[in-house]
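S.K.: One structure, as structure tokens, below. Some questions next.
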Amino acid sequence: MSADRQARPSAEACEQQARLNAVLMACGIIGLLCYLPFDYWMVPERWPALWVGRLLVVGLLALCLAWQHRRPMRSERALLVAALGTTLFLAWGAAQVTEPFAFFFWNQSLAVVMFILLPVVSVWRPVYMLVHNGVMLVAYGLCFVLWSPFALVELLRLGGVFLLIGWLISPLLSYVRYGIFQRTAALSHALRERNAELTAANQELATQQQELTYLANFNAMTGLANRRWGMTFLRENLDDCYRKRWPLSLLLVDIDRLKVVNDSHGHASGDRLICHVARAIADQLRNGELACRLGGDEFLMIMPDADATEAGDRVRRLSALASGRLESDPELVATVSVGEATYRPWQEGVADMDILIQRADSAMYSCKRHSRRQTRTTDEAPRRARRRGD
């Protein structure tokens, strides 16, 4: 830790310091008020003056509390003003006591509060403790000489030793306390910074994980799922439809003459054609459905809970939407061949994914053989065969 960082604590450290000092000043207010009965019983001839002094110090402490609450950066100065005000009152009050026991108790309390509790509980730089002790020495000495009825020898016997020891060790206690606070504040600040770095790193890792998951499961050019994720989705939904006795339909979409477009117009035009068909397929998807790119010119639409009738309607809409000239390249004309296959668990039992895809593939190639712009489903094939037989 650098000396500059020690000399200028952070705002967070100042706020924590202000809270600790506020606790001490609040306890000081309570302590001063609790000693009002002591003044009345132990110093009966001077209790009104002592009460006035105590209440004035209570008001001073309250003002210092409000000051440091509004300006946490001034916490040490507020505490110094509060400590000096309390010290002046206690030094003057000690000179007003005439009973030996009360004088001993007063000095002992002063030593504990101002030379033990103040440096141990409060947080301020040791130089402030030295200033406080210097003022205490001068103020107590003057008040004792001017007003106290006790001799110097009696002072040493009636608590003066406690005052001397406390006066000597309090700067050391303040130095140790402030050093501990500085190290604790620095460690706390470093921990918060480290936690913030770890949080940012975790967020970045989560983002990268999402990107990797997307790249692993989706085709970057079309935005549709890739073959691996499509097959996983199909396998899971076939099992689910078998348990629930729901139909499941597949649409196998093939772009007509893609190789011709690549050879005559270039692969960039072929990519635009692929993206055009992919957008048309994506527009036909509903919740719970998935489309994947199987290869260069083939796509597969997986439609759980869609029967053959709905699949046939989807084939016609998709063919109309995907076919036509491209807006981005009017020279390109898109046509697709679509094959449909429907899985009926109540008739077929446990589904065979490969056979279902082969059925859709056969329907798609049958469509290609008959017309470049005609669609054909596996359910229509038997009916057409019967008509040809008739």
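For all residues, glycine too, the Cβ spot is worked out from N, Cα and C.
According to TrEMBL, the protein carries these features:
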type	residues	note
COMPBIAS	376-390	compositional bias 'Basic and acidic residues'
DOMAIN	246-380	domain 'GGDEF'
REGION	367-390	region 'Disordered'
TRANSMEM	20-38	transmembrane segment
TRANSMEM	50-67	transmembrane segment
TRANSMEM	79-97	transmembrane segment
TRANSMEM	103-123	transmembrane segment
TRANSMEM	130-150	transmembrane segment
TRANSMEM	156-176	transmembrane segment
S.K.: Are the transmembrane segment (20-38) and the transmembrane segment (79-97) close, by which I mean at least 3 Cβ pairs under 8 Å that are 6+ residues apart in sequence?
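M.R.: These two segments touch.
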S.K.: Reported in the order helix, strand, coil, what are the DSSP residue counts of the domain 'GGDEF' (246-380)?
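M.R.: Going by DSSP assignments, the domain 'GGDEF' (246-380) contains 63 helix, 33 strand, 39 coil.
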